[in-house]
Amino acid sequence: MSHNSFGHLFRVTTWGESHGPALGCVVDGCPPGIRFTLAEIQAWLDKRKPGQSRFVTQRREDDLVKVLSGVMLDDDGETMISTGTPISMMIENTDQRSKDYSEIAKRYRPGHADYTYDVKYGIRDYRGGGRSSARETAARVAAGGIARKVVPGLVVRAALVQIGKHRINRANWDWSEVNNNPFFAPDPAIVPVWEEYLDGIRKAGSSIGAVVEVIAEGVPAGIGAPIYGKLDQDIASNLMSINAVKGVEIGDGFATAELSGEENADEMRIGSDGKPVFLANHAGGILGGIATGQPVVARFAIKPTSSILTERRSIDSDGNEVDVRTKGRHDPCVGIRAVPIGEAMLACTIADHYLRDRGQTGRLK
């Protein structure tokens, strides 16, 4: 199985399966001299880890990360300094229940990658989905913690903006609320609505989809490239690689189909500091594949978790028609824990383009 890496100069390779002994990543291309602590990386993993509320999977994993290579310790004994060699990180799996999946060893779960993995490779790891499990994304979050340190002044934040048909009120958007509720919601008024709604979904053994919005501030103007190296092209590709993601939009995205040219234009003026300013950001901070210096804005849609208790029609690997009810511990809304994953993927993409621009033009330090 190939295609386990993404990025060009800031290149991330992930490894490991849902029910294996461990998983992790190798970050290749991190510049020397990047300073970070284990606690800083762990904080992002803690945001993603399972079992933190009744609205996510009850699998209990501490997701404690170990840095195995590519760094030296500073004199304070805590700060790690990248050496420029590959940074390898590992996270042990400690709460696997492979027996929960014995009944689907030959049965294909509708909506999962069971059938497609089997038809391509002739073998699949049915224990929690193996490599196709969202468990793999813990490694991406660890890599994202490094990426945030590569670009000076970069701030990447994300929030859940929709569950099912229930959307936030954007007039209530408050970043300080995101970490005060189990949904990473920026609108405190939507929290009780989502709680009641998801409780019903969860008790019925069903699942529901969601939309995550991720925003990067401090993105240097000029990074990216035209045609086949566009910044938004890579953002879309990398966000689409997240498990269960079925759609990505940049800026106003599909809503631009309803706008006139006058409405959609991001007009410009000269600011009081003599630098260009934009009067709007319909483009989501990217024009012609190149960053404008405005916030980079993306959203991605996540399908309902395919593992549900409702019996569904399917087939098995012997060609028999069967009914499948999925056991195990699963997220009723996988979009909740996708928030820090989206942050990590955007951070890695921007770090990669930052280094590519620095290598090509030499204008960024």
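Backbone N, Cα and C atoms are what each Cβ position is placed from, and that goes for glycine too.
In the shown protein chains, 12 other C-beta atoms lie within 10 A of the C-beta of Arg54 (NADP(+) binding site). According to Swiss-Prot, the feature NADP(+) binding site maps to Arg48, Arg54.
The annotation FMN binding site is assigned in Swiss-Prot to Arg131, Ser132, Ser133, Asn243, Ala244, Gly288, Lys303, Pro304, Thr305, Ser306, Ser307, Arg329 on the grounds of sequence analysis.
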Q: Just name the winner among Arg48, Arg131, Lys303 (the binding-site residues) by count of other CB atoms within 10 A of its CB.
A: Arg48
